[in-house]
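Have a look at the structure below before the remarks.
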Amino acid sequence: MASSEETPRSLAGKVALVTGAGRGIGKGIAVELAKRGASVVVNYNSAEKPAQEVVDEIAKTGSRAVAIKADITKVPEVSRLFQEALQHFGHLDIVVSNSGTEVFKPEDEVTEEDYDRVFNLNTRAQFFIAQHAYVHLRNGGRIVLMSSVAANMSGIPNHALYAGSKAAVEGFTRSFAVDAGHKKITVNAIAPGGVKTDMYDANAWHYVPNGKPGMPMEEIDKGLAAFCPLGRVAVPQDIGRVVAFLAHPDSEWVNGQVILLTGGSVT
């Protein structure tokens, strides 16, 4: 893994806002953008201490960061998040919507509460983050939304709610890319497979053949790595590096795309 000293500061002068950046994939994205010189707004909802630790880690890269609390399932809080970000840094160039919660539940047991909880965070929140980004980003900005390989996978039982919530995001991506074009803003989505986070720890066994609850993590990792030509599962830095590319000025011709981030895994 390259150190911050070895990473060109290709995003110097840019300001990024990353939702759900206090841990997991969001943290990995925030840190990778910071390594390249971007100032970063670290959004969190409840985990204030981890978010501040991300801010402190970013400071060690030589970049600036601020943690801002906001529940992005509530549109007034999304508006406040953007206003506070603009007040702090003066402008925004990059917005990464990293919200997501995963659920496995038989379709005949899904309740209204389940549906609202998953779609409010995975889908509705991402729409309004993209909407605010479209309004507030400077010309030439970058929007990156979060889909999942699950949006297009078949053969995973009890997964309709999560898969559907992410599939909608792919539709948002293509439509926003058209509408934001006059501002030279690109809009893309990433669709990671398994990434070593707390969500992975809780749910990855579902994707392993003959997986079961309580399965040792070493067996889960081995089972999923066997599908990948690179022989491992992803870590948040892998995702952050791709987002850093999409945030770079050189990525302008990548627009309206959903990029699978699986290391070439075949399941």
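Placed from the backbone N, Cα and C atoms, the Cβ positions cover glycine too.
Database features (Swiss-Prot):
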- Ile25, Asn45, Asp71, Asn98, Tyr162, Lys166, Val195, Thr197: NADP(+) binding site (BINDING)
- Ser147: active site, proton donor (ACT_SITE)
- Ser148: active site, proton donor (ACT_SITE)
- Tyr162: active site, proton acceptor (ACT_SITE)
- Lys166: active site, lowers pKa of active site Tyr (ACT_SITE)
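DSSP assigns Asn98 (NADP(+) binding site) to coil in the three-state reduction, outside any helix or strand.
Comparing C-alpha positions, Ser147 (active site, proton donor) sits nearest to Lys166 among the binding-site residues Ile25, Asp71, Tyr162, Lys166, Thr197.
Distance noted between the C-alpha atoms of Ser148 (active site, proton donor) and Lys166 (NADP(+) binding site) is 6 Å.
For the NADP(+) site listed in the record, the two most distant Cα atoms among Ile25, Asn45, Asp71, Asn98, Tyr162, Lys166, Val195, Thr197 lie 24 Å apart. In the three-state DSSP assignment, the secondary structure recorded for Val195 (NADP(+) binding site) is strand. Counting other CB atoms no more than 10 Å from each candidate's CB, the binding-site residues Ile25, Val195 peak at Ile25.
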